[in-house]
């Protein structure tokens, strides 16, 4: 397709959802309002708000949040005037009832997330979101785990259920730039021209920004990113870095770079109890193709059982574990202990 460098990119911030993983879902109300105010002032298009694992993610399996999803959403709704509030729903964790509550609290966009080969389970939630009048997005996680052609078939299912935008989601931060290019070409070949596409990158191989740029070159409309890369694993594509790169490329991003830079360093980075960066453990996620939010859980298991976090993560990758199988991390640790 012909690349249009002048089109307005849709900047989708995920600091208050994916970023929640980086601090074990412990954002205070004051934290979320300070971050949301800065993002709103910088004129991002949307701000995603939820537990890291989406609506109703607060649980023994994923980690309990400092507040409920609704408390966080309502807090953000009080302070934003420009950005629209988005939320994330994983069918089986959140239900249509939780989605309605999120809508009533102020969310107007929902990203319905499934494993990249399980779009079928999103039908009810996508259809219901459309009934509510929400901007409805299909979110295909762990997109490195299937072929571009299969990914396109799953994307087409989500489109048929009513999603008007489909995301290629690199949950493991394992995609190369060529991988991204091939997936966008396959997906866009099957989808209607009116259906938008989005990229959600992770930075585990330091390719978060590069992969987002490649996606835009392939006609991607929406770009997920977070302040200071705040997110699972080595984090997401850092928002201020992507915007600076887009500015250098002459792309129309519509946001204020300096406001984003200040918010990243002054508000977000000080909250990190573990640096969000590429290091031995987060690099193992990208190398082994492991769901990025497994990081903190694997670190806890490694400390408890006297193991190497890297060994646990690489074994999880070998077993092709996917999002939602956090309970298997301890099983893997116990198996490694017996070797």
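Keep in mind that glycine also has a Cβ here, set from the backbone N, Cα and C atoms.
The Mn(2+) site recorded in Swiss-Prot comprises 200, 202 together with one of 18, 40, namely 18. Among 46, 58, 171, only 171 appears in Swiss-Prot as part of the substrate site alongside 17, 18, 200, 291. Taken together, the residues of the domain 'Pyruvate carboxyltransferase' (9-261) have an average pLDDT of 97. When secondary structure is read from DSSP and collapsed to three states, residue 200 (substrate binding site) falls in the strand class.
If you measure from the Cα atom of residue 18 (substrate binding site) to that of residue 202 (Mn(2+) binding site), you get 10 Å.
Listed in chain order, the extra residues whose Cβ falls within 8 Å of the Cβ center of the Mn(2+) site residues 18, 200, 202 are 14, 169, 170, 171, 173, 201, 208, 224, 226, 231, 232, 236, 237, 292.
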